[in-house]
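Notes follow the structure.
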Amino acid sequence: MFHVKHSQDETIAAIATPLGSGGVGVIRVSGEEAQATLITLFLPSNGTKIESHRMLHGWVIDPKTKDKVDEIMACLMLAPKSYTGEDVVEFYCHGGMAIVQKVLSLTLASGSRLAQRGEFTKRAFLNGKLDLAQAEAILDLVNTQSARGAGLAVRQLEGRLSAVVKELRQKLVSMLAKFEVRIDFPDDYPKTNYDAVIRKINAHTQVISDMLRDTQLRRVYRQGLATVIVGKPNVGKSCLLNALLGEDRAIVTDLPGTTRDSIEETININGLPLRIVDTAGLRHPRDKAEQFGVKRTEQELAAADLALVVIDASKQLDKLDRSIIKRAKGKQCIVILNKADLGCKVKLKGYKVSALFGKGIKELKQGLFLAVTNRRETAGNDSVAINERHAECLRGAERALLNAAECCRKGASVDLICIDLKDAIVSLGGVTGEQVSEEVINSIFENFCVGK
Ligand SMILES: Nc1nc2c(ncn2[C@@H]2O[C@H](COP(=O)(O)OP(=O)(O)OP(=O)(O)O)[C@@H](O)[C@H]2O)c(=O)[nH]1
Ligand SMILES: [Mg+2]
């Protein structure tokens with residue numbers, strides 16, 4: 001898939017441990033000249049034979065002066081059994097900055113060049129030692145602070161994400177192959193059973209959607225779901241916020257236009273954090289402050305993941321209510337029929353509550369939880385970490401498969417279905433790096449540190 005670039009022929013070197021003093025400092029060398037570098041710079045102690053995959057004891061020497069620079073351990077790992085898949089040498093020196101720098105400069109003087117960020121891992125990828133998702137897992141592992149995050153990254157390093165994605169991709173490839181022979185030899189095969197194909201495609205799409213939802217849900221649990229309460233003035237939005245919070249946070253009055261600016265509070269439903277914003281009622285503004293409030297409300301609405309549209313159920317639904325519902329469409333939207341204690345005149349699907357008397361709030365919370373988590377358990381231990389790049393690839397595959405299913409339903413020509421299947425295959429290939437541009441690869445490895 002890739003052109004191995006010329007620079008891969010060069011031998012690279014870098015300090016692999018963090019800069020600063022430590023117990024040990026590691027200098028890593030990779031490439032054709034690695035073994036020669038070892039022989040030039042390393043003086044084995046008596047009885048030490050230079051063999052691959054052995055810890056060697058001895059000294060680093062300056063080849064010009066023959067001076068001993070440090071007493072060290074070294075390890076030669078001949079290709080292909082090494083991190084990069086090339087010949088690799090690692091020098092384990094005493095961890096002082098001066099020594100580590102000195103040893104690095106000796107390796108550079110004997111024919112290596114300084115490695116770029118992530119270049120060792122990039123070479124490992126280019127040599128098929130790991131796929132792109134695994135390389136990214138290494139990056140996460142190096143950068144992650146939390147034990148749970150590290151656990152997810154390790155699973156990804158084991159190749160769980162890659163395994164699921166590769167299996168799916170393989171299934172699509174064989175499906176595509178079956179279609180393509182039908183294009184080439186239309187008379188030799190029985191007519192395609194579209195219903196069966198649609199069922200299969202839907203099952204594949206489901207696998208992808210589940211992965212994406214797990215990811216989304218993990219984000220929500222970490223950051224909270226941006227939730228906004230919108231509705232006409234005086235329908236009881238602030239009252240609802242207070243009821244959800246279980247305390248009087250927002251000012252409630254019988255005057256329309258009470259809330260002038262947005263208020264944000266976080267509530268927690270079964271561990272699910274919702275960041276709820278109470279907004280100024282939407283209507284034609286009466287004064288400047290209200291005008292700003294209304295504008296702000298529209299921004300909050302645009303930024304939210306979930307909209308709670310409050311309607312005064314004791315009155316007839318009017319044009320303004322409808323237009324607010326319409327504006328909230330396009331994101332997850334839940335209709336709340338408030339003031340149900342005064343009777344319900346509105347025939348809309350929604351949660352009947354009385355924010356003032358705290359009626360129906362428990363049921364509403366339960367409903368919110370289910371709507372957000374989609375009745376599923378929280379991301380379990382089985383899930384893999386998916387970063388934004390993987391999610392984008394998966395979303396592309398999901399879209400293509402939805403299109404493919406749609407084509408089948410419409411009885412479109414096999415060629416069109418094949419195009420969508422191919423798109424899905426390419427998108428999935430992007431996760432593991434089977435089909436991905438050099439630009440993407442470079443941008444990923446640039447996030448590594450030097451020496452990794
Ligand atoms: N009977 C009844 N009255 C309610 C209920 N919820 C709110 N109210 C009353 O409706 C009035 C307006 O309530 P708010 O919570 O201030 O309404 P709001 O939507 O925030 O209004 P603005 O901030 O002006 O947009 C107050 O007098 C509340 O007591 C309810 O469930 N039943
Ligand atoms: Mg209010």
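Every residue, even glycine, has its Cβ placed from backbone N, Cα and C.
Small disclaimer: the values here were computed from a predicted structure and weren't measured.
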- TrEMBL has Glu90, Lys129, Lys452 binding (6S)-5-formyl-5,6,7,8-tetrahydrofolate. Which one of Arg28, Arg395, Arg399 is in the same site? Arg28
- Message: According to TrEMBL, Thr253, Leu255, Thr258 bind K(+); which one of Asn202, Asn234, Asn242, Asn270 is annotated to that same site?
- Response: Asn234
- Candidates Leu255, Gly257, Lys339, Asp341, Lys452 (binding-site residues) with Cα within 10 Å of Ser238 (Mg(2+) binding site): none
- Task: Check the binding-site residues Asn234, Ser238, Lys452 for any whose Cβ is under 6 angstroms from an atom of ligand 2, and report them in sequence order.
- Result: Ser238
- Message: Is it possible to list how many residues within the domain 'TrmE-type G' (224-373) are helical, extended or coil according to DSSP?
- Response: 51 helix, 39 strand, 60 coil
- Look up Lys129 ((6S)-5-formyl-5,6,7,8-tetrahydrofolate binding site) in the DSSP assignment and reduce it to helix, strand or coil. coil
- Task: Measure between the Cα atoms of every pair in Arg28, Glu90, Lys129, Lys452, the residues the record assigns to (6S)-5-formyl-5,6,7,8-tetrahydrofolate, and report the largest value in Å, rounded to a whole number.
- Result: 18
- Task: Write out the long-range same-chain contacts of Gly281 (GTP binding site), meaning residues 6 or more apart in sequence whose Cβ is under 8 Å from its Cβ.
- Result: Gly231, Lys232, Pro233, Asn234, Val235, Lys237, Pro256, Gly257, Thr259, Thr297
- Item | Number of other Cβ atoms within 10 Å of the Cβ of Gly257 (GTP binding site) across all protein chains | 18
